[in-house]
């Protein structure tokens, strides 16, 4: 059989486990995770390479009704991505009937010719009878090329996705080297890991208004990497929460982020964090550009 290579998009509404699925398939944490919706803001590409094929999996932001320019950017990224891939994995929760957001995504999928797999995540949380009922509900909405129940967290059903995907991936060369797991620059990964720790440690109101910019990423002669990063928030009160009493929260965020970045880069780092207030930055084209989000004006 000839070698195959292609692009696979993982889409779905916010917080259904898209980043968990990407991390499980690649066997490495390359996408940040939290239980808060809209954690993923950019497309993140994970690379899987074996003797038969190379698959480039694209984790997209959750499709939702946007309230800011950042939200509009996230939805546009997800919507445009599905037009440029060889296969789409539509990820839903196995224990939930199709909702308005799911139906909206399906309407978009029906307008393109790209094959779509229905992937039902969190199958370990539901009985077989209820699962079959939910599968039936989705089957009435669209003709999926494959329907695969999985548990991304427990690595259950993942091999079946890869096996079935081969039938829809074209012949082609390797786009990336065999040892490459993601095309994300190290600077971007570092910023995302810092943002993840903010998401995990703070209340719901603050994280949605937080962006992270790595302002310096330099390797020293002794092999240590110096990283300087700024955490942007929209309110002075949020700045105080992020820093915490006597700086304890910022220290906690920095310590957790440093551990994660060191594990990913396989080297020691020195991490410095600052917190700055930028009111309404999620609606600022200049700030979105600074943080790496492409808008219609850049």
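Positions of Cβ are set from backbone N, Cα and C atoms, glycine also.
Note that the coordinates shown come from a computational prediction; the quantities given were computed from them, not determined experimentally.
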In Swiss-Prot, which of 28-32, 33-37, 38-42 is tagged region 'G2'? 38-42
Tell me which of 4-11, 12-19 corresponds to the region 'G1' entry in Swiss-Prot. 12-19
Region 'G4' per Swiss-Prot sits at which of 117-120, 121-124, 125-128? 121-124
Swiss-Prot tags one of 51-54, 55-58, 59-62, 63-66 as region 'G3' - which one? 59-62
Counting other Cβ atoms within 10 Å, pick out the least crowded of the binding-site residues 15, 60. 15
Which chain-mates of residue 123 (GTP binding site) that are at least 6 residues away have a CB under 8 A from its CB, listed by sequence? 94, 131, 149, 150, 151, 156, 157
Averaged over the region 'G4' (121-124), what pLDDT does the prediction give? 92
For the region 'G1' (12-19), the number of residues DSSP places in helix, strand and coil: 2 helix, 0 strand, 6 coil
